[in-house]
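Copied from Swiss-Prot, the annotated features are:
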type	residues	note
DOMAIN	6-194	domain 'UmuC'
BINDING	D10, D111	Mg(2+) binding site
SITE	Y15	site 'Substrate discrimination'
ACT_SITE	E112	active site
Amino acid sequence: METRIVFHIDFDYFYAQCEEIRSPELKSKPVCVCVFSDRGGDSGAIATANYTARKYGAKSGIPIVFAKKRLEERKDAVFLPVDFDYYSEMSEKAMKIMEEFSDVFEYVGRDEAYLDVTKRTEGDFHKASHLAQQIKNSIREKTKLSCSIGISPNKLISKIASDFQKPDGLTIVSPEKVEGFLESLKIRDIPGIGKKTEQRFTEMNLETIGDVKRLDVFTLNKEFGRKSGTYIYNAVRGIDDELVKEREPSIQHGKIVTLKKDSKDYEFLLENTLELCKEVHEIIQKKNQMFKSVGISFVQSDLSNKTKSKMLRNPTMSLEELEKTVEQLLREALENQTATIRRLGVKVSELSESQGQRDITSYF
């Protein structure tokens, strides 16, 4: 039986990298891509920061105010609002390239995917290394994006490996090297292990994967419950039988309508917008998906475009939440609106399955 070969491909500092590609003069500067809240000013959080910004402690998830404080000495620091439409376009181009090189392609998110390449590499890790380099070169040539690739016999190890030599890394963990690769890594490096679990291991004087490996499955089940305990027991041994499942990017769902008359009247536009919300909601219900980002778009009478979007706190499939968010976006978009609107669109993105595998942290 052929050794399974799985790639995990992860795009380096994706949103910020996209901004550097669009504006090459940003490459030498600290760049933070921000999700601004609707409270105004610097309220909000950092979505992604480039490596220059990270050197100063500006990183994903921290408040924008903190990031600005940490980058005070860098007068050239740049803080940009997220542009999901642009990032989705870039992602789609890269995903199509990856899919061409795979036996089985599994889309995970805008900036990551799994590829099963067992057949085309004949289970040969040397051939897999060449294939990975081909993918990296093709993506760079066609999109200018860099990515990091982890190669191993399963999804778990490949995901850990892709984070090993960032940015622009390529890490190969063949079956005989799995044990040595994992031994000295922190337990937190295992996907799904959260702060609480790590803290509990610290209280038990266990820090590395090698340390945790000394525990038997009964001890782990007693400490964390059967499901999580079994997962940890297998993970620290590099055991993962989960298959790469065919899943293509469903980056967004949207509907657009040409209005009966050009208008900038709020009530008229709201009526049309709410109708679009119902149509979009029907799509996500049929596909059993949740969304985390909502956007509206205008084509104005002069044929120029205008878009506005908002990231929600949590994924949802609620029509009420969709309508409420769209209503807010419409009000904001119409402030100081001079041109009339010819076409109107509503879309949802940042999609996920509403039922399916939960992250291991759900159980802790």
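Every residue gets a Cβ built from N, Cα and C, even glycine.
It should be emphasised that the depicted structure is a prediction, and the values quoted were computed from it without experimental measurement.
Among the recorded positions D111, E112, the residue whose Cβ has the fewest other Cβ atoms within 10 Å is E112. In the three-state DSSP reading, Y15 (site 'Substrate discrimination') counts as helix. In the three-state DSSP scheme, D111 (Mg(2+) binding site) is classed as coil.
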